[in-house]
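What follows is a short report on a single structure.
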Amino acid sequence: MSRSRRFLDACESSRGDGIHHIDQRGDGGTRCLDHEISQLTNIRSNPHNGMQQLLPRKARGPVSPVKMLAAREGNYTGRGRFSSSDCCHLLNRYLPTNGPSVVDQMRSCAYVSQFSADGSLFVAGFQESHIRIYNVDQGWKIQKDIRAKSLRWTITDTSLSPDQRFLVYSSISPIVHIVDVGSGMKQSVANVTEIHEGLEFSSLTDDYDDYTFGIFSVKFSTDGRELVAGSSDNSIYVYDLEARRLSLQIPAHTSDVNAVCFADETGHLIYSGSDDSLCKVWDRRCFGTRGQAAGILIGHLEGITSIDTRGDGRYLISNGKDQAIKLWDIRKMSSNINYSPRPRSYDWDYRWMDYPEHVRNKRNPHDLSLATYKGHSVLRTLIRCYFSPAHSTGQKFIYTGSSDSSVYIYDVVSGAQVAKLDYHQEPVRDCNWHPYYPMLVSSAWDGIIANWEFPGPGTSPLPVKPRARRWRRF
């Protein structure tokens, strides 16, 4: 068992499903929504009712660690120990905002950040065909240094298998490569020191120099038997790893599919987000007869760069080029699968233009989202967003990279911006929160992998910021 997993072993494993919701509006105000997600979030992240006996009746707010320890010793909960929600309530007071310390720095843009499921490994993907896997428990020692094969422009995504034995990586090509992480070879050069098997997602392409499309997002299923991928040919692909063949291809959207994921551990539901500004829900159990999406989620005004599931088959978040994150409940999705967003009346390209001021506070009249979170910037690249970890925070927060070189953390319930992490000099495309520790790692186009922690390095000064450098734009 890893040191990461043992960190919270004293916590009770059982917990309730909980959520709470708020809308963060562009005018600076917040509007609370009465929705099930608020109750679910509170159940996961608030202390036991017995703890509240230590507070005055009119007092509201978090219970201090000292009072929670006193309540545990006095057996106020009747259990003699902290529950999982008590642990989350304690850890939510100690956000990973101190530092950062520099884990690594490369000469090319960092595109991908990902912790393993138990937090013992960390994967970073860079533009110049480089992927590094670090052993977190051994002081960020490089465990595997991978040189990718058949790279076009950059590493677009990586995904670790649930058992941490294999890593897949994608580029702007229809070939996803798989690497054996568990091998004893530290230096993994494609087809030189190790075989990087190519998984063909296009039966129409036999020549590596004649790619028909690229893959922007790839994810393992929770059982590790399948991959789901989103591509630039507007499609979703499901690949069967045991049979080594495509099991499903869906012409899903009218533009690039920038993000895909399985909704929960069953693998029946798939979420997708596209440059057509729509999120869609796909139910594989009935896709064979219907041949279409189970429903669509309308609300974004521009293309979607990232999605993340809460893991319960109900809720997800999406990051959009309209400079907003939206929270969704798929039970509110529209069955009008033929809905087509209106084309914009202005000329704008997020890769090199600022978002027009006159549409910043504009709202989609058909918006089905539960909440909108604004403050960060989604420009130049496909900025990613996530729910905070369930085990240590109760998924109380949403966090995202930003093209203004920062990381933003929002409260799911109140919609408030609770933290902004400033250090990088270029867009932060990806960031990832450790599943157990108060630790967050950001990766940016300045090539720096930065580690934010609590308590952090104490009173030691921050590293000197590197000078900004010019980068090629896709």
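Cβ coordinates are placed from backbone N, Cα and C, and glycine is handled just like the others.
The average pLDDT computed for the repeat 'WD' (208-249) is 92. The repeat 'WD' annotation in TrEMBL covers 208-249 (among others).
Sequence-remote contacts of a segment are chain residues at least 6 beyond its ends whose Cβ falls under 8 Å from one of its Cβ atoms, and for the repeat 'WD' (250-283) they are 216-219, 221-223, 226, 228-232, 234-238, 293-298, 300-309, 311-313, 316, 318, 320, 322, 328, 330, 333, 337, 339-341, 382. The feature repeat 'WD' is assigned by TrEMBL to 250-283 (among others).
Among the features that TrEMBL reports, repeat 'WD' is placed at 297-338 (among others). Tertiary neighbourhood of the repeat 'WD' (297-338): same-chain residues 17, 19, 21, 35-37, 255-256, 258-266, 269, 271-281, 344, 350, 355, 359-360, 362, 364, 366-374, 376-379, 381-387, 390, 395, 398, 400, 410, 412, selected by CB-CB distance under 8 Å and a gap of 6+ residues from either end.
If you look up TrEMBL, you'll see 421-453 (among others) marked as repeat 'WD'. When the repeat 'WD' (421-453) is classified with DSSP, helix, strand and coil residues number 0 helix, 20 strand, 13 coil.
For the repeat 'WD' (250-283), the DSSP-based tally of helix, strand and coil residues reads 0 helix, 19 strand, 15 coil.
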